[in-house]
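Beneath this line is the structure, given in structure tokens, with notes to follow.
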Amino acid sequence: MGDTHMDISGNADQEYGNFSVDGDNNYDSTVASAVGAVLLSLLGVAGITGNLYTLIVLHASRGATSASVRVHVANLALADLLYLTTIPFVVHNSLAGDWHFGEAGCRVLLTLDLLTMHTSSFTLTAMSAERYLAVAKPFHALRRARSNYRMTLALASWLLAFFLTLPMMSMIRQEERWLEDGDVRRLCTPSWSHERYKAYLTVLFATSILLPGIAIGYLYAKLARAYWISQTKSLLNKELRRAPRHKVVLTTFIIVLAFWACFLPFWAWQLVPLYSHHLATISERMEVCINSLVTCLTYGNSCINPFLYTLLSRNYRDYRRKQQRGPGPPGVQHCTETGTVSQL
């Protein structure tokens, strides 16, 4: 087994790439770990409360929220909740400087991290695709809305994410290491070789960030072009200005950007050491600080998402209310999420 040890859970006591923590915690690294633990605890409380509130709001507004928004947002909120449940284990490990949850705990924790990350990424891609279809191909969106494909798509996202995490579940091990002072430190480490492990992490990055990012970028580029073309048509100008449908698209895009902003630093922290040999001299203090930062960012995404989910649901309800106010100017077509309604 190579020297590369992944820390999805924010375990500041594992190795990263080809540099490692030697186990002698100085005052600065201890303070950094404590500050990170406090921040994670606050994020956990806020995130769990917010995502539970999101699910309650979705349940209470079933008639005012589209099936698309409801299913996808509920899927994202559930993934966030599942991810946030790992915070107590990360906090304990950070403060104790040791892993006390056994090999099964290693597998469950790291698998949950990857599972929820991929599920969120796949769901965001599906949401972006539906936003595009609702605007560019409303009749196609109408046909798809009449089936239960959204629930099937949500289930497929979880199954595909689980399939991608199976190698992590099978290769992760708890390892015991003797320190110079005679103490034993337990770590969650992969049993694969360096090259195989690097290839696996590269695949995970591609499936959770790179490929979904390319797909989402393409869809929003097409959406921007469609909006630009629509704005050039004088017949639709007035209606497009007063219809808040574009707010739904914009809010979805903000959710996607927030996901990227929070998880790209995490992946950089995992992948750069695997492909570069120039980080071996990084200090323990710097390593703990960087690890705390990227860990807080990933959990912070699950914390801010409930506000964005609520905004998305509210924008859609505003859109539906504006549609139901009555007919607009003669000859104007309203392109809705589920179809095109002509008002002639």
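Glycine too: its Cβ is placed from the backbone N, Cα and C atoms.
What TrEMBL lists as transmembrane segment is 34-58 (among others). Outside the transmembrane segment (34-58), and at least 6 residues removed from its termini, the chain residues within Cβ reach (under 8 Å) are 10, 12, 65, 70, 73-74, 77-78, 80-81, 84-85, 87-88, 90-91, 94-95, 288, 291-292, 295-296, 299-300, 302-303, 305-307, 309-310, 313.
Here TrEMBL flags 50-309 as domain 'G-protein coupled receptors family 1 profile'.
Under the heading transmembrane segment, TrEMBL lists 153-172 (among others).
What TrEMBL records for 199-221 (among others) is transmembrane segment.
Residues or ranges marked as transmembrane segment by TrEMBL: 248-270 (among others).
Sequence-distant contacts of the transmembrane segment (290-312) (same chain, six or more residues past either end, CB-CB distance under 8 Å): 7, 9-10, 12, 16, 32-33, 35-36, 39-40, 43-44, 46-47, 50-51, 53-54, 57, 69, 73, 76-77, 80-81, 83-84, 87, 90, 94, 117, 248, 251-252, 254-255, 258-259, 261-263, 265-266, 269. Annotated transmembrane segment per TrEMBL: 290-312 (among others), in sequence order.
Residues or ranges marked as region 'Disordered' by TrEMBL: 321-344.
Look at TrEMBL and you will find 335-344 tagged as compositional bias 'Polar residues'.
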